[in-house]
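Engineer: The structure under discussion is supplied below as structure tokens; questions concerning it will follow.
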Protein chains: 2
Amino acid sequence: MNPYTEDQSQSIGSLGESKLIEQLKDWLGDAAPAAPFGMGDDCAVLPFPSPGAQQLVTADPIIYGKHFDAQVSPAQAAAKLMRRNLSDIAAMGGRPTHAIICLALDPKVSISWIEPFYKALAEEAKRFQCVIVGGDVSSADHFLGAFLTLYGETSAPHPPLLRHSAQVGSPIFVTGSLGGTRLKKHHSFIPRISEGQWLARSEHCLSCSDLSDGLGKDFANVLPPALGCEIDCSQLPIADDAIETAKSSGKDALYHVFNDGEDFELIFALKPGTAVDSFLTQWRKELQTPVTKIGYATSRTVSKAPRLSFKNAPQSLSANGYEHLR
Amino acid sequence: MNPYTEDQSQSIGSLGESKLIEQLKDWLGDAAPAAPFGMGDDCAVLPFPSPGAQQLVTADPIIYGKHFDAQVSPAQAAAKLMRRNLSDIAAMGGRPTHAIICLALDPKVSISWIEPFYKALAEEAKRFQCVIVGGDVSSADHFLGAFLTLYGETSAPHPPLLRHSAQVGSPIFVTGSLGGTRLKKHHSFIPRISEGQWLARSEHCLSCSDLSDGLGKDFANVLPPALGCEIDCSQLPIADDAIETAKSSGKDALYHVFNDGEDFELIFALKPGTAVDSFLTQWRKELQTPVTKIGYATSRTVSKAPRLSFKNAPQSLSANGYEHLR
């Protein structure tokens with residue numbers, strides 16, 4: 001949906017800031033607590049974290065023209081905003097607690113875009129059991145962006161799942177399937193919160209992250225700088241939509257697995273020597289989400305050797321992930 | 001300073017995201033802790049709040065063309081970003097603990113703008129004793145904005161200072177002087193953190209907020225909806241720069257006191273019947289910042305009567321404050 005309107009009476013500019021904020025509060029409903037625990041004072045006062053828990057924070061925006069466009073509904077944009085942040089909390093093994101949303105938008109943005117956007121934010125917050133405690137609305141010319149800061153906490157006594165902690169020989173896994181994001185998944189993915197929490201409770205997990213910039217870049221998230229990893233391309237869980245995308249892109253489906261961003265699946269490494277079969281049996285008993293072992297962490301005997309090596313790869317495989325700001 | 005460059009090699013676009021983030025970390029130096037307590041993992045892990053303290057959160061951005069322009073140095077823009085948020089923490093009687101910064105910017109923004117901006121953010125964080133724990137960098141066309149989420153905490157056992165809690169007869173005060181922001185103060189104001197904390201410890205303070213949209217709008221921040229207030233215009237602490245501004249604007253200095261935003265002074269209400277003289281003596285013994293009683297909270301016998309009434313006002317006084325998004 002095109003977020004802009006030329007009809008001044010249908011624009012947020014016709015409301016003015018105070019009235020717009022009243023509306024936003026209304027649309028959020030019980031996803032937004034009353035002041036001082038929500039909007040309406042100079043700051044929001046927050047619930048104290050659970051005893052022994054560790055607090056987590058992450059921040060990612062969605063910007064019109066970059067992260068979504070006129071083909072995307074306001075509800076899909078809202079889901080993407082919440083879920084890309086939820087995915088970061090999931091990657092640390094946490095559960096979300098509260099969110100702060102800053103809008104920067106042109107006064108020509110239409111009320112009929114912002115209303116379903118906020119109502120969907122409220123739905124998302126309720127679905128994933130967090131509250132929206134505050135934020136800000138600023139005007140900006142020819143711009144529409146929503147900047148979310150999301151808090152979460154770990155379950156005591158389990159520490160957060162960190163990046164870069166795999167060891168040589170660590171088996172490496174991914175959840176779900178990869179490479180299908182160009183077709184639709186980047187608006188409808190499910191953040192792997194239960195899976196992250198399950199891994200944080202497990203004794204086996206050494207390192208975890210989420211795949212946002214493509215496996216070809218984000219494999220490094222679970223590795224210390226000195227280590228590499230070998231991925232068995234024949235084992236990769238290729239999304240049906242990656243195969244579909246490859247038909248029109250003229251590239252191999254694996255290209256999309258390695259280079260397309262926004263899978264928002266978890267990548268994690270277990271302790272070397274973990275009994276993989278019994279780990280998988282346990283996972284499948286308690287979780288529905290598919291999980292696949294894709295390779296293992298390796299030492300690099302030559303320090304300039306590429307960090308990513310392949311088994312069963314096609315001859316020419318470009319696998320650098322997605323680079324922003326280029 | 002113009003934040004944009006036409007010389008591609010001097011632009012942040014020439015760095016790409018990963019290298020830019022490395023640079024930002026470098027420029028922040030010891031204002032930014034290492035992962036997992038700072039940048040570098042999926043989330044930042046936060047220090048646990050002090051026992052009995054309450055956590056506070058606020059969020060305000062600065063956007064090029066709205067909150068700053070090419071006349072403003074990167075360091076001034078950074079100071080404004082930090083301090084407008086610090087002012088909200090001050091208004092609740094808290095002290096800042098940590099900040100999250102999301103940048104959205106055109107790849108043509110110059111490295112020579114972003115470097116001093118981040119170095120100044122680090123200076124500001126150190127000066128006001130908080131740390132920068134994370135954030136995000138996104139590209140955006142023809143846009144430059146920095147979105148800050150700032151956390152703070154109250155000092156146990158004192159509860160936060162809330163808005164809207166004055167009572168009929170509450171004397172109302174402001175810190176500093178008002179109306180001078182157009183000339184320079186909106187880049188160099190000092191957030192009233194010590195003063196807010198002092199008020200939170202005082203038994204006398206019922207309600208507090210900060211003046212960001214002009215006294216003519218923000219007087220209402222300390223009042224419950226049913227109350228009004230009477231301001232004695234002869235008592236108002238008019239900034240020298242308000243008088244200077246009035247010379248060129250053709251308006252009365254009081255116009256700027258009531259309608260210009262970004263004073264970032266505190267406005268607060270004491271319990272009715274507080275001995276004002278002894279309160280002022282105590283304040284002046286412990287704090288350097290000027291403080292002035294400007295009026296008191298009133299009941300409104302006619303519910304449609306204006307909430308703001310005046311003593312010693314010029315005949316025609318427009319006092320509506322600053323309205324955004326118009």
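Backbone N, Cα and C atoms are what each Cβ position is placed from, and that goes for glycine too.
Keep in mind that TrEMBL annotations are predicted by a computer and have not been checked by a curator.
Sharing the feature lines straight out of TrEMBL:
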BINDING   B:ASP42, B:ASP88, B:ASP210  Mg(2+) 3 binding site
BINDING   B:ASP42, B:THR58, B:ASP88  Mg(2+) 4 binding site
BINDING   B:ASP213  Mg(2+) 5 binding site
DOMAIN    B:40-139  domain 'PurM-like N-terminal'
Engineer: In this predicted model, what is the average pLDDT of the domain 'PurM-like N-terminal' (B:40-139)?
Structural biologist: 95
Engineer: Select from the binding-site residues B:ASP42, B:THR58, B:ASP213: which have any Cβ-Cβ contact with chain A shorter than 8 Å?
Structural biologist: B:ASP42, B:THR58
Engineer: Based on Cβ atoms within 10 Å, give me the single least packed residue among the binding-site residues B:ASP42, B:ASP210, B:ASP213.
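Structural biologist: It is B:ASP213 that, of the binding-site residues B:ASP42, B:ASP210, B:ASP213, has the fewest other Cβ atoms within 10 Å.
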Engineer: Nearest to B:THR58 (Mg(2+) 4 binding site) by Cα, among B:ASP42, B:ASP88, B:ASP210, B:ASP213 (binding-site residues)?
Structural biologist: B:ASP88
Engineer: Would you count the other CB atoms within 10 A of the CB of B:THR58 (Mg(2+) 4 binding site), including those on all shown protein chains?
Structural biologist: 27
Engineer: If you run the three-state DSSP split on B:ASP88 (Mg(2+) 3 binding site), which class comes out?
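Structural biologist: Going by the DSSP assignment, B:ASP88 (Mg(2+) 3 binding site) falls within a helical segment, counted as helix.
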Engineer: Please give me the CB contact count at 10 A for B:ASP88 (Mg(2+) 3 binding site), counting all chains in the structure.
Structural biologist: 30
Engineer: Give the distance between the Cα atoms of B:ASP42 (Mg(2+) 3 binding site) and the residue listed as 'Mg(2+) 5 binding site', rounded to the nearest whole Å.
Structural biologist: 36
